[in-house]
Structure formats: C-alpha cells, structure tokens
Amino acid sequence: MADPQATNGTGAACAERDASDVGDARDEGAGRVVAVRGAVIDVAFDGGALPALNEALTIPVDGAAPILAEVHAHLSDAAVRALALGPTGGLRRGAAVRATGGPIRVPVGDAVLGRLLSVTGAPGDDGAALAADVERRPIHRGAPLLAEQKSANALFATGIKVIDLLAPLAQGGKAAMFGGAGVGKTVLVMELIHAMVERYRGISVFAGIGERSREGHEMLLDMRGSGVLGRTVLVYGQMNEPPGARWRVPLTALAIAEYFRDERAQNVLLLMDNVFRFVQAGAEVSGLLGRLPSRVGYQPTLASEVAALQERIASVEGAAVTAIEAVYVPADDFTDPAVTAIAAHVDSMVVLSRAMAAEGMYPAIDPVASSSILLDPLVVGEAHVEVAIEVRRVIEHYRELQDVIALLGIDELGADDRRLVGRARRLQRFLTQPFAVTEAFTGQAGASVEIADTIAGCRAILRGDCDDWRESSLYMVGTLDDARRKEAAAREADARREAAAAASGAGPGTTSDPASGSAEPQGARHGR
C-alpha cells in the first residue's frame, strides 16, 4: 500500500507548510492525544480553557509533517474532539498537541494570484513559498450585514447563447450547473472562467472540491496555456484527501474572494466544482463525529451547512461576488436532498441533460428545465423575455410530439405541427456553440455571442426565415450570420456536385435534403 503522505495531493512538504500556516501555538493550549479513529482525534487538555470550536490544532509526528486538526466538539471539561485535515498515519496516543488560538488562516491578496493552494493556503504547485509576512484571513466568517448587501439585478453576460437567452446569470448572484456524470459541467465552468477573464478582467477564484487529481492538474496546465492563470486562484481539496479537507475547501476559496471584494473593491468570479462533493464530505464528517444520519444517509445538518456556505456568497456596494457552482446530480435524481438544498439558494438553474448530450447538442443545457429569476422584463427587457418564452414553448411542444412522431411518423402531423417541429429542431441546433476551451480537441474556434445577436437569431428562426435551411447549417455556429455563410457554402457545394453529375451523365438518384443537410434517396422525408 502506498504511503498516505506520498499519496496526499501536495505531499509531506505541503502538509508541513499547512501546519505552520495557522500561526504559532499558545503555551497554555498544550494537550495530548487520547484516542485516534481514522480522521477523528480526541485530545485531553490538562488545565485552562479548552480550545474554541473551529480552532486549529497542530500535532507533531515523529519523522513526518505535523498534523493539522480542527476542533468540532467539547467532550468534557478537559477533552475535545477534532477532525484531522490531513492523513493521520504515524499518529499515536500520547502525542503532544498545541492549540493555535484561532481558526485556520489562509493567505490572501496579490501573492496568491496564479497559485494553487491547499485548504490551509499552502502552495501546492511548483512555485516559490509564500512570504512569511503575507496577509492572512480566517476561513470562518459571517455573511455581510443585510444593510451592506446589494441585490443582484444586473445581467452577467457569458457569451453562451443558451444561458444568456433562457437562464441569464446575475452579476453578484449565484448560478448552479446541475447535471449527472459526463454531461459537461466542468467544461462549462472552464468556459465561464474564460469568458470572465476575456469580458470583465476580474479575479477568478476556483474551488476544486473532491474532484479527480488528474482534472485538477489538467485545469492548471490549461490555465497556464491560455494565459488566464495570472488573475486566478486555484484552491484544491481533491478526492484523495481526508473529508475534513474537502469539507473546508469552499471556505478557503470564500475567504480569498471576500478579501478582493472587501479590501480591493474588485469583482470576483467564484467557481466551485463540485458542490455536491462538499455535501458528501460533510456527510462523511458527520458520520465520523457520531451523528445519526438523516434522509438518504445525509448529515442531519445538511440544510444549515449549505445555507452557511451560500449566504456568505454576497455582493456589497462597489464590488460583486458572482458564484457559479457545478452540482453533481446522483443517478440523475433531481429530488435528491442535497440537490434540492443547493437549488433553494441559487438565482439561476442551468440544467444539463443527458439526452441532449447523447444527441451531441453541446452545451447540453435543457432549455425547458433551466430557469432564472432574471428572466424578467424589468431586468432584461420585454423583447428578450418574449423570445425566450416562445423558444421554450416551441421546444416543449416538439418534445410532446416526439412520441407521436416515433409511433406514426411525422407525416401524421398537421401542417402547423410539422412546421413547428422543423423550427424547434433548428432552434436546438442554433443554441449549440463551439467553446474556446475545447478548441484544441474539436479544431473549431470558440464563439462568444452577444445577447442581441442571440435574440435576433432565435427570432428569425421562430419567424420562419430559416425554414428552408439545412439543420446542419445552424449546428455549432455563433451568430445567425455564421449560419447563413455556412448554408450558402453548402448550397454552392451542392450546385457544383449537381453540375458535375450532369456533365458526367449521372442520373438523379439522390438529392441533398435541404432540411437535414444530408444526402437521402428521393422521396425520403426528414423527421423519421
């Protein structure tokens, strides 16, 4: 079996820095370990006041880095129960313990830009160590007072058509990307980071909560290659780390974001992937601490833990924290208690559909299930709302007709329904879009589309201006002008093929179906 210290994401050296980052231990806070059960450590103190809840403890270990733990319960007048934030290999009863006199404090400011940090703010990349005098902030902090908070009613344009049209994000608000495994949540979050840097020149703070080490490494390399790392802070608590580390990573990211909001008056994009792993880590911690589980095995404090995290994500006068959260939906069950608890706090719900991903409709965002409180005429304008409602109505009606089409064929529909089906399919394809972050894999340049161009394109499709276009001309394009050029090129290619066939004396065996953009035998109909 691999050494636990060797398998930890940042290694023994990083853990050593972790322990030193919480400050010097106070002499009166000396104690000793009396029990160790996995990540749970019971500590007895000989005299004086016990360490407060959430206070950090350091435990030296012979031949290894000190262990950092956090107090979570007072067992008696002389004993506390703490949760280790790192591997407990090598720890034994009787080991000395020091209380630090306060919660974990993490580095903030310009020094952390472009860096990858652990839950305690220790560098986990190949960069230089942080200066000893770098400013630090505690990870535990209350939300701003209600009188200081600013409502989120300004549009946060992303350049992603389907989001901007049907589930617009609020600057200073909270949005969540809900989806099962493999439907594109992380790619969508990466594209939003790219959009933030390109459009707003703001600060991005990324919290990697319980995700794969490989994905974290790839994200670091991608950001270096794209040039956005210099205005980004990465905070990782990966899936191979103890539950305490994964549980506290969002708080570390929040502390850094709050510094740039409060002290620098800078807009911050806070991205968290994956918030479900935060809930999952909390369930592990709850079990380790001996609490009885609630529904589906979740911790009894699920609602309060999610609320404590989400309520700290707030905007104040002069600066906004815009949160975009990826949320894994276990078994695609949107009634899961963790999913419903998170959904109650967000302004915009972006729902990713496995069925759309299977059809290649990327981003695989469900236009019917996604929603936003910003889709209001007073915020985005009447024209935007009218087009969004009509797009949703047409696609929803098409879905209602799909069973009839599958059983009886499209010919059994009336003329109006056939026309609606064609427009719905074209709308679905127009709402697909190539991403800048996938350009290296697809070979197609990413497209960022203004909201006005998205509305104009959807209105033209709804009006019937594109009824005789190939569906393929609208697939993976930016604006309608891009689709128009694609359609013109396809028609020119068809004309050349027909001319060549006529010159060679070939018969009219096949024709290119203008609706689908594919060659089909004469008499075949689109929509089978």
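The backbone N, Cα and C atoms fix where each Cβ goes, and this holds for glycine too.
DSSP assigns VAL183 (ATP binding site) to coil in the three-state reduction, outside any helix or strand. What Swiss-Prot records for GLY179, GLY180, ALA181, GLY182, VAL183, GLY184, LYS185, THR186 is ATP binding site.
The annotation compositional bias 'Polar residues' is assigned in Swiss-Prot to 1-10.
As annotated by Swiss-Prot, compositional bias 'Basic and acidic residues' applies to 15-27 (among others).
The compositional bias 'Basic and acidic residues' annotation in Swiss-Prot covers 488-499 (among others).
Annotation comment: Swiss-Prot describes 1-27 (among others) as region 'Disordered'.
The region 'Disordered' annotation in Swiss-Prot covers 488-528 (among others).
The ATP site, placed at the center of the C-beta atoms of GLY179, GLY180, ALA181, GLY182, VAL183, GLY184, LYS185, THR186, has further neighbours from the same chain whose C-beta lies within 8 angstroms: TYR328, LEU352, ALA357, ALA364. If you take the C-beta of GLY179 (ATP binding site) and look for same-chain residues 6 or more apart in sequence within under 8 angstroms, you find LYS185, ALA326, VAL327, TYR328, VAL329, VAL351, LEU352, SER353, ARG354, ALA364.
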